[in-house]
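Copied over from TrEMBL:
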BINDING   E121, D232  divalent metal cation 1 binding site
BINDING   H158, H183  divalent metal cation 2 binding site
Amino acid sequence: HSLRFNFSVPKYTDIAVNFTDGMFKGIYNGKQHHVSDIATVLSRAWNAGVDRIIVTGGSLEESKEALAIAETDGRLFCTVGVHPTRCKEFEESGDPEKHFQGLLALAKEGIQKGKVVAIGECGLDYDRLHFCPPEVQKKYFEKQFELAYATKLPMFLHMRAAAEDFCEIMERNINKFTGGVTHSFTGSAEDRDKLLSFHNMYIGVNGCSLKMAENLDVVRGIPVERMMIETDSPYCEIKSTHAGINFVKSLWPSKKKEKYDKECLVKGRNEPCLVRQVLEVVAGCKGITDIDLFSATLYQNTCRVFFPQDLDAAADALLAGRNESQ
């Protein structure tokens, strides 16, 4: 599979896809509505210019499933880690250290297979404390830096309504990881600037980051060279009520899940092909006219963090010059 760099063909990496979610098996709220259709969804993504996808792991079991999915295609990769809302699983396992060692062994196995590219999704989520109390979240967020340190992998991070504690833990552990992305960012300008103060941190933007005019103001202030784009599908789609909807140019036909048609998107279910819409809204709100240069820069950002072996130095120099001239 060729990964060489070409400005004339926009390529996208979707850094967050939840392929372990039941919706991609045709299951919604516990009820089967259509056949499992990951292959169809992937075909649509590749045809739309998506070049690579990172499948998100959110628990030990889910990380195992993410790795199994990643092994089905050369363009799929995954993360290994425990989401803040799932951190009770360390203690519920009966042996938190053994659970940690299970994650470490899985990460190492995935690295050998060329598939695991980050530790995560880990972090803090104070919007959903009913799933896991803050003290447990903080304890096991901090613990997962040890995974990054042991594997030399970057981190795939989650920060929701918890910027102060999140950044404090980050500061304490800054030397334990090579870099990372705080994905699905929905924070304030102050939160954004705190994250940008970490030299090795990128900010991941999706539909949830672009809902309201205030969100667009915050996104405007993320430098292009510190940004990544994602769908976080099947969640976080860009809806017709969102502030940036007028910037969306790329559209796909959709049908309700009850009338499933593999030629159409499922209404209300986000897909990796729609990462192009995220690019369009961000470019629109930032006033960027050279969308190919923009997508090339974002693509290089993902290579810098997750695929350093594919970082194209010549393209990097070219991009730096073109971005400065803009």
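Quick reminder: no glycine exception, Cβ is built from N, Cα and C everywhere.
Since this is a predicted model, take the numbers as computed values, not measurements.
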| Just the number: how many Å between the Cα atoms of D232 (divalent metal cation 1 binding site) and H183 (divalent metal cation 2 binding site)? | 9
| message | Under 8 Å between C-beta atoms and at least six apart in sequence, can you list the same-chain neighbours of E121 (divalent metal cation 1 binding site), or say none if there are none? | response | A16, T56, G57, G58, T79, G81, H83, F156, L157, H158, H183
| Of H158, H183, the binding-site residues given in the record, which has the fewest other CB atoms within 10 A of its CB? | H158
| remark: Cβ contacts within 10 Å for D232 (divalent metal cation 1 binding site), all chains included, total 25
